[in-house]
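Annotated in Swiss-Prot:
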- 26-36: topological domain 'Cytoplasmic' (TOPO_DOM)
- 63-72: topological domain 'Extracellular' (TOPO_DOM)
- Cys72-Cys151: disulfide bond (DISULFID)
- 96-117: topological domain 'Cytoplasmic' (TOPO_DOM)
- 141-156: topological domain 'Extracellular' (TOPO_DOM)
- 181-355: topological domain 'Cytoplasmic' (TOPO_DOM)
- 194-218: region 'Disordered' (REGION)
- 233-312: region 'Disordered' (REGION)
- 233-247: compositional bias 'Basic and acidic residues' (COMPBIAS)
- 271-281: compositional bias 'Basic and acidic residues' (COMPBIAS)
- 282-294: compositional bias 'Acidic residues' (COMPBIAS)
- 380-388: topological domain 'Extracellular' (TOPO_DOM)
Amino acid sequence: AIAAVITFLILFTIFGNALVILAVLTSRSLRAPQNLFLVSLAAADILVATLIIPFSLANELLGYWYFRRTWCEVYLALDVLFCTSSIVHLCAISLDRYWAVSRALEYNSKRTPRRIKCIILTVWLIAAVISLPPLIYKGDQGPQPRGRPQCKLNQEAWYILASSIGSFFAPCLIMILVYLRIYLIAKRSHCRGPRAKGAPGKGESKQTGQASLGAPSSAKLPNLVSRLVAAREANRHSKSTGEKVEGETPEGPGTPGVPPSWPPLPSSGRGQEEDIYRASPEEEAGDDEEEECEPQAVPVSPASACSPPLQQPQGSRVLATLRGQVLLSRGVGTASGQWWRRRAQLTREKRFTFVLAVVIGVFVLCWFPFFFSYSLGAICPQHCKVPHGLF
């Protein structure tokens, strides 16, 4: 039964990791540089499933080492190499996630395939440094026991502690601290979420004229239109009472309809006066004088009066309301689209980080009993000896 279960796990490991490598190498959407970590990690797991687990299974079932002693030494070194590489890969992936979340703009520009390959090479070098000492320095092995040969890990205390710290405890501590830091960053950004949803980003504030309460959603358009109608009625009333002065530009310091304490509206930068409201073609066919809503005749707030003029995209509309200047149609779509793309990218990063945290948590729980009992045997071999079956 044990042999059947282990054989199934071997085949499942090979098949699943081969699919991961195939997906990353053939799918365009998965060709991001950071996915090279997954390719290297999958390769390490395949090597464990093909070169390590079958011989371990044979050793457990037979009760002794059936193969040559030279292969036993190579087998133990490869065991430490591949398992250490797998764990350190997860540590490198967690650091990559942390840099991608905490230094998004700076790190994404540096996250090139060359840089990722250098990190992967460093991971394999660390694993090699930990796994090669038993091959180079064999130490005092003592008299060989008679009877059936055995293939066991190095029993010297210094190597047990050094390899356990380098292979598991240090990477595990780094991963826990890194994911704790990522969680705090995600929690802080979540607390800022309501404010971010109520107003656009800095770049979008410039595009929308820094509206005092942010760009309105489609649900607020009826209220926006009613305010606009009220503003136009006030403008027509001011024309009939002679309050509007012909020929004045927004740059004029004595603009009527605006309190003297408010700064004048800036020019459009092209030497021409910007229309803040552009009516429909049917209305423009009528009286042009009545269809134009001059900025100085609309009672605007100080925040919108101080804001720069709108850079109106082609085919978009500009509305002047009591709450500031707002771009409609394609203008709003462009600004909000960029904002939502950034939000979607951050959401994907958080989701991927959560999945990796679950995988790493399960991985750590699976490895912890072995490394704990392995290290405990080196610290107090007489009084803290772990039973062979449990080990």
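Cβ from N, Cα, C; glycine included.
Cβ environment of Cys72 (disulfide bond): Trp65, Pro149, Cys151 lie under 8 Å away, each six or more residues apart in the same chain.
Proximity of distant same-chain residues to the topological domain 'Cytoplasmic' (96-117), defined by a Cβ-Cβ separation under 8 Å and at least 6 residues beyond the stretch ends, is recorded for 33-34, 36-37, 178-179, 181-182, 185-186, 349-350, 352-353, 356.
Each residue of the topological domain 'Cytoplasmic' (96-117) gets a DSSP state, and the totals for helix, strand and coil are 19 helix, 0 strand, 3 coil. Long-range Cβ contacts of the topological domain 'Cytoplasmic' (26-36) within its own chain (Cβ-Cβ under 8 Å, at least 6 residues beyond either end) map to 93, 96, 100, 111-113, 115-117, 120. The number of other Cβ atoms within 10 Å of the Cβ belonging to Cys151 (disulfide bond), over all protein chains shown, comes to 18. Sequence-distant contacts of the topological domain 'Extracellular' (63-72), counting only residues of its own chain at least 6 positions beyond either end whose CB sits under 8 Å from a CB of the stretch, comprise 55, 147-151. Across the range of the topological domain 'Cytoplasmic' (26-36), the DSSP-based residue counts are 8 helix, 0 strand, 3 coil.
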